[in-house]
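What TrEMBL records for Cys119, His224, Glu226 is active site, for GATase activity. What TrEMBL lists as active site is Asp274, Asp433. Among the features that TrEMBL reports, L-glutamine binding site is placed at Cys119. According to TrEMBL, the feature substrate binding site maps to Gly361, Asn498. Look at TrEMBL and you will find 25-35 tagged as compositional bias 'Low complexity'. Positions annotated as domain 'Glutamine amidotransferase' by TrEMBL: 44-240. According to TrEMBL, the region 'Disordered' annotation covers 1-36.
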Amino acid sequence: ARGGADRLGARRVPHRPAFERGMRSGAATASAAADDGGKGEVTLLDYGAGNVRSVRNAIIKLGFTVRTVTKPEEVASASRLIFPGVGAFGSAMDILRSRGLIDPLREYVASGKPFMGVCLGLQLLFDGSEESGGIEGLGVIPGTVRRFVGDDLVVPHVGWNTLGLARHTGLLADVPPGDRLYFVHSYRAVPEPANEDWVLATCDYGGEFIAAVQKGDVMACQFHPEKSGENGIGIFKNFLEGTTGEVPGAPAAVSAAAAAADAGLARRVIACLDVRSNDNGDLVVTKGDSYDVREKDEGGDVRNLGKPVELAGRYFEQGADEVAFLNITGYRDLPLTDAPMLEVLRRTSETVFVPLTVGGGIRDFTDSNGTKYTALEVAAAYFASGADKISIGSDAVYVAEAYYAAGRAKDGSTSVETISQRYGAQAVVISIDPRRVYVNDPSETKNKCVKTSRPGPNGEGFAWFQCTVMGGREGRDIGAYELAVAMEDLGAGEILLNCIDEDGQGNGFDHELVGLVSDAVKIPVIASSGAGQPSHFTDVFNATKCSAALAAGIFHRDEVTISQVKDHMKANAIPTRV
């Protein structure tokens, strides 16, 4: 655990009755704030962690102005305060403490003025968390935040899940029963007698946990409204307009498990946009065959399938569960502030309210001016511009090679570790680009093999999946299995599993590859490369433990729509967000 944060064993929890008296006395402030002339001003607490831009964009979309505060004295003057927390519990508390924000936050909540926490902003309200070695929280709500547990449970809990309602208030009034909201977290608080008067909604994942709390005008949610589409925007709207009171005559509480026929975590459908500079220097979305993105005719320019911001918006409207940008142009000689993908993210996050992942060039580098940047600084720039997750490719291979060479020792200095420690495992995706290597016997390689149903060119009955770097141009002596295992141990939260052999072929995902890796780790695996029709998504979900499946070209060319994919999944009893 990190410096200065109090341990749970010696925590100093505030006197709760003071909080509760303040909240009761301030219970009428929300409606008054909504009548302050126009839509009014909202205060956003930005303590420098993760993607706050999307929350700001959601507020602006609703017609409110945003005042960002970073100093202790600015908190007390807020009339409506939103606290979007992202990252690790211990790191967040360290930052809040170093900036003198802990007591002002406690006093604000105790005043009963409208307050909304998001994700870590909910967890920090509790007594403490076992994350980072056991850290004291703000002590507003009784209970300790603990890691998800379960023998076969994939952690982090990433994706769209259903809610159960303990009470009915206006905050969640516009979320239809059975609809899903977006979660991404490794730790959770659970209902218990001491906090039951706070619990507004629960969710089920390896057992029931708290999804939303509310007491008076103080509320928070574990899910991300700003990443939950129009339903999430509606939740912010209800908070900002002060329509969050108890709903009279509402039906009885509904458990998360009974909320819908296909309740639970949905399997995700992700739209991917490979973004590259063409020969004229314009950023375009492209797609190739086995990673070759140039046209075959004379001239051979980069294949242009559209503009990244416009396509991302289209996929959001069509119901994509996430959008991923993979920047396949280096740009490592440019100053970081001039990186073209930063502007793509800023513009996309203004209209796309589902999670955004960005990959490409996330490693230590030196720009054309001689300025050195760490991978953590590069990631921070992407998060500040609107990314929710970053994807690390070639650098992860080099990190894994060093990890095994050192006897699986960890020193905390790698790109994967530093970004995970600062922003949380759920923010780190590892993009693996493997190709099949056939062998007659597994003893021919140190890497994990599968007995394949697709024999090699000379009848070989086994294959391993060789990781590549530099956009698939260079193979390394490490397999996808070994890389995934190393990355999980180093703190990554998700695997994006590509397949060079199947890329652009339309024959379906490589089930042998996806099964090998999704069986090897307990973090989410995204199947990628090879989708050609809706049934391919259903097939990979039925055949493997993967949490999501991704496609690019079939969506760009309108050969298959996202709704067609989801209709097929739902018809075949795959939990699906619709």
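Every residue, even glycine, has its Cβ placed from backbone N, Cα and C.
For the active-site residues Glu226, Asp274, Asp433, the largest tally of other C-beta atoms within 10 A is found at Glu226. Checking each of the recorded positions (Cys119, His224, Glu226, Asp274, Gly361) against Asp433 (active site), the C-alpha distance stays within 10 Å for none of them. Within its own chain, Asn498 (substrate binding site) has Ser431, Ile432, Asp433, Pro434, Ser528, Ser529 as residues 6 or more apart in sequence whose C-beta sits under 8 angstroms from its own.
When the Cα atoms are compared, Glu226 (active site, for GATase activity) and Asp274 (active site) turn out to be 24 Å apart. Among the recorded positions Cys119, Asp274, Gly361, the ones whose Cα is located within 10 Å of the Cα of His224 (active site, for GATase activity) are Cys119. Within 10 Å of the C-beta of His224 (active site, for GATase activity) there are 25 other C-beta atoms, taking all protein chains into account. Gly361 (substrate binding site) is 28 Å away from Cys119 (active site, for GATase activity) when you measure Cα to Cα.
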